[in-house]
Amino acid sequence: MRMSVGLSLLLPLSGRTFLLLLSVVMAQSHWPSEPSEAVRDWENQLEASMHSVLSDLHEAVPTVVGIPDGTAVVGRSFRVTIPTDLIASSGDIIKVSAAGKEALPSWLHWDSQSHTLEGLPLDTDKGVHYISVSATRLGANGSHIPQTSSVFSIEVYPEDHSELQSVRTASPDPGEVVSSACAADEPVTVLTVILDADLTKMTPKQRIDLLHRMRSFSEVELHNMKLVPVVNNRLFDMSAFMAGPGNAKKVVENGALLSWKLGCSLNQNSVPDIHGVEAPAREGAMSAQLGYPVVGWHIANKKPPLPKRVRRQIHATPTPVTAIGPPTTAIQEPPSRIVPTPTSPAIAPPTETMAPPVRDPVPGKPTVTIRTRGAIIQTPTLGPIQPTRVSEAGTTVPGQIRPTMTIPGYVEPTAVATPPTTTTKKPRVSTPKPATPSTDSTTTTTRRPTKKPRTPRPVPRVTTKVSITRLETASPPTRIRTTTSGVPRGGEPNQRPELKNHIDRVDAWVGTYFEVKIPSDTFYDHEDTTTDKLKLTLKLREQQLVGEKSWVQFNSNSQLMYGLPDSSHVGKHEYFMHATDKGGLSAVDAFEIHVHRRPQGDRAPARFKAKFVGDPALVLNDIHKKIALVKKLAFAFGDRNCSTITLQNITRGSIVVEWTNNTLPLEPCPKEQIAGLSRRIAEDDGKPRPAFSNALEPDFKATSITVTGSGSCRHLQFIPVVPPRRVPSEAPPTEVPDRDPEKSSEDDVYLHTVIPAVVVAAILLIAGIIAMICYRKKRKGKLTLEDQATFIKKGVPIIFADELDDSKPPPSSSMPLILQEEKAPLPPPEYPNQSVPETTPLNQDTMGEYTPLRDEDPNAPPYQPPPPFTAPMEGKGSRPKNMTPYRSPPPYVPP
């Protein structure tokens with residue numbers, strides 16, 4: 001070309017035109033016309049020396065196009081059928097493996113009978129996986145001769161990928177999924193079965209077989225199921241509104257969650273019939289079908305994943321400016337040939353090299369650099385090998401080499417900054433038709449969460465050409481070998497760690513222990529690599545460390561954050577996670593901990609209360625002792641997951657601890673389960689069992705335990721055991737629609753307890769009143785001997801006129817008793833000069849009354865005196881008035 005240009009300056013215009021056309025024809029003759037699309041893409045980048053290699057490559061192993069790329073979602077089944085008839089002919093051997101490797105990824109399984117590739121990816125399998133399908137034929141000497149090959153990709157999306165997209169990807173009928181999909185802001189009702197299994201220990205075939213067995217048991221299609229491992233020991237969902245037990249007595253493995261969708265925004269009344277899950281899970285039929293113990297099940301409403309807000313982290317980045325100095329010329333490097341060693345096929349991972357930024361306070365005139373192009377040719381092997389880069393010593397900065405995603409095998413150069421010691425300006429490097437713009441080496445001022453970098457698609461046995469920009473100074477050239485690993489190279493400054501994935505938000509509940517393991521991909525450092533190699537520190541605002549008494553604690557050795565909030569911590573709390581590398585530089589991630597109130601509230605079916613020896617202040621003021629108490633209580637119940645215990649209260653009176661068990665369903669009353677848990681920890685009289693005491697000692701010594709019902713079981717007492725009450729037999733109950741179970745239990749209490757007690761009390765009261773009246777009445781008609789004697793002594797008998805016998809009149813007590821032989825007395829002597837008393841008229845009247853009687857009735861009976869009294873007469877002064885006078889006795893008649 002230089003000769004042509006030189007001659008064109010000397011020849012006339014017609015000669016110049018002829019030479020120009022001749023040059024164009026010669027240049028076109030160097031490029032063959034290939035129908036392949038890959039050759040058409042590379043015809044502006046490959047030199048003539050590469051055409052023979054490329055032609056041999058296409059003739060040796062033709063690439064078959066026809067296997068489309070696939071996508072998979074974490075926790076959902078993946079299945080693709082490989083069209084082997086397009087790849088292999090009769091007698092060929094099909095080999096499926098990861099591109100450049102001998103085996104498939106750990107989550108994929110190849111079924112040679114059905115020619116299907118299936119598997120179930122986990123969270124650690126996110127990213128792009130390239131699968132190579134090759135056909136080989138057995139040669140005469142026993143070696144395998146490659147025939148055809150094809151490479152396709154499978155991209156694994158995270159679990160919180162769009163539900164509609166993930167289900168549509170796995171479902172054979174997209175129309176069915178669209179019809180049953182929920183609205184964008186509508187929660188999805190999910191039924192989850194908790195299995196005592198470890199997915200990381202299963203082979204891909206065992207995971208798929210587990211889904212097939214659940215499909216035959218529950219009649220739910222595979223594309224609707226999701227199988228993920230338990231994270232942070234959270235076996236149970238605190239937001240579940242229905243739950244039930246399984247047949248597993250205790251959890252041994254890490255645990256697996258197998259779930260499927262029931263509907264949209266369902267509640268307890270609108271949930272479809274789940275008897276096919278509830279009874280088999282409890283009785284063991286589901287465990288026998290699946291081959292793994294069933295811990296329990298629950299139903300909860302899952303809100304659709306909302307886009308996370310983007311946090312920005314500001315770094316102290318310099319501003320690139322031009323440097324002052326004379327123009328320099330980049331020296332052209334002669335082409336060098338790098339021959340890789342004949343090793344096993346391997347795919348080079350994408351690498352990224354960050355060059356140091358350029359800062360100069362004085363702007364100047366930009367220098368002129370000449371862009372050169374060095375040809376690095378790679379010998380074709382079974383798998384593309386990343387070539388090592390050769391650069392000049394001194395202050396030469398190697399160019400950044402990164403494969404693009406669309407042009408196979410082409411390594412895209414990026415702009416490289418010059419260190420401050422040189423006098424050149426950062427060159428502007430251009431690439432021919434790049435599919436993706438190159439990344440500048442300077443650090444940007446904002447950072448966004450990035451996904452796993454998508455690796456380029458490998459193409460079997462294709463050579464690559466690398467375009468490298470060289471910047472040199474006057475130092476003598478010396479060959480050095482550079483790598484792109486994470487180990488710091490000599491002379492490069494330490495770079496601060498970068499925040500890759502935000503922690504963003506942590507949810508916790510009052511009284512429930514939580515723990516969060518910081519993922520290893522949260523931060524990344526170019527020298528120290530992943531997060532587990534960095535030193536993490538949890539701080540509050542203004543660089544204040546979290547105290548020992550804080551309800552949130554962080555273990556920097558295991559990089560585990562844990563805590564136990566109480567009711568005073570309800571709300572949103574902001575914390576900062578600092579990651580520091582060995583050089584002392586750090587990065588910060590701000591995240592929030594949202595503390596929610598107890599989802600069950602006061603509706604827990606049972607409350608467990610235990611009394612321990614000790615001072616309650618020692619437990620209340622020490623978060624570590626509270627956490628240890630919760631862990632020991634969970635261990636006493638046989639649960640490895642501490643989130644099954646919700647601490648309600650710690651009060652005085654030694655140490656009185658009240659808690660609830662989150663594994664118990666709210667409705668209906670789980671009487672048998674509560675009784676089983678009660679018998680596990682306490683005797684019938686409330687004394688703790690030895691197993692419970694051994695689980696909590698020596699830190700906590702229990703003295704008594706009480707288990708009382710609450711919520712749907714509030715009318716029951718479990719510990720201490722109450723003697724059973726005799727309940728009369730009843731007829732089979734009639735189903736009454738829309739009857740409240742709580743109201744029914746209240747009616748039973750009134751019917752069997754309150755009403756009989758009131759009736760018995762009323763009967764006893766009436767009987768007492770009747771007995772008292774009868775006693776008073778009987779006592780009123782009887783007198784004692786003393787009362788009778790007093791009556792006789794003090795009283796004078798009164799004889800009424802009607803009571804006298806006229807035939808035989810009683811003798812008069814006023815007349816003297818005269819016998820029959822008795823003679824009349826002598827008349828009284830008369831004395832002379834006797835004065836007549838004033839009462840003479842009375843005596844005279846009296847004598848006059850008696851005298852005629854004696855004269856007229858001489859036959860009158862003699863006088864009979866009354867019988868003598870047994871007691872002396874007392875109190876004769878009280879004689880009643882208006883007494884009927886006695887009739888006078890008959891007159892006395894002398895014989």
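Cβ atoms here come from the backbone N, Cα and C positions, even for glycine.
Some features that Swiss-Prot has for this protein:
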type: COMPBIAS; residues: 736-746; note: compositional bias 'Basic and acidic residues'
type: DISULFID; residues: Cys182-Cys264; note: disulfide bond
type: DISULFID; residues: Cys669-Cys713; note: disulfide bond
type: DOMAIN; residues: 603-712; note: domain 'Peptidase S72'
type: CARBOHYD; residues: Thr63; note: O-linked glycosylation site
type: CARBOHYD; residues: Thr317; note: O-linked glycosylation site
type: CARBOHYD; residues: Thr319; note: O-linked glycosylation site
type: CARBOHYD; residues: Thr367; note: O-linked glycosylation site
type: CARBOHYD; residues: Thr369; note: O-linked glycosylation site
type: CARBOHYD; residues: Thr372; note: O-linked glycosylation site
type: CARBOHYD; residues: Thr379; note: O-linked glycosylation site
type: CARBOHYD; residues: Thr381; note: O-linked glycosylation site
type: CARBOHYD; residues: Thr388; note: O-linked glycosylation site
type: CARBOHYD; residues: Thr455; note: O-linked glycosylation site
type: REGION; residues: 30-408; note: region 'Required for laminin recognition'
type: REGION; residues: 169-200; note: region 'O-glycosylated at one site'
type: REGION; residues: 316-485; note: region 'Mucin-like domain'
type: REGION; residues: 381-460; note: region 'Disordered'
type: REGION; residues: 463-485; note: region 'O-glycosylated at seven sites with GalNAc'
type: REGION; residues: 478-498; note: region 'Disordered'
type: REGION; residues: 724-746; note: region 'Disordered'
type: REGION; residues: 819-895; note: region 'Required for interaction with CAV3'
type: REGION; residues: 823-895; note: region 'Disordered'
type: REGION; residues: 880-895; note: region 'Required for binding DMD and UTRN'
type: MOTIF; residues: 776-782; note: motif 'Nuclear localization signal'
type: TOPO_DOM; residues: 654-749; note: topological domain 'Extracellular'
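Projection of Swiss-Prot feature records onto the structure.
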residue : record         : DSSP (3 states)
Cys182  : disulfide bond : coil
Cys264  : disulfide bond : strand
Cys669  : disulfide bond : coil
Cys713  : disulfide bond : helix
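Looking at Cys182 (disulfide bond) and Cys669 (disulfide bond), their Cα atoms lie 32 Å from each other. On the backbone, the CA of Cys713 (disulfide bond) and the CA of Cys264 (disulfide bond) stand 30 Å apart. Every protein chain shown contributes to the tally, and the Cβ of Cys182 (disulfide bond) ends up with 17 other Cβ atoms within 10 Å.
Taking the motif 'Nuclear localization signal' (776-782) as a whole, pLDDT averages 74 in the prediction. Reported as a whole number, the C-alpha separation between Cys669 (disulfide bond) and Cys264 (disulfide bond) equals 27 Å.
Here the disulfide-bonded residues are Cys264, Cys669, Cys713, and the one whose Cβ sees the fewest other Cβ atoms within 10 Å is Cys264.
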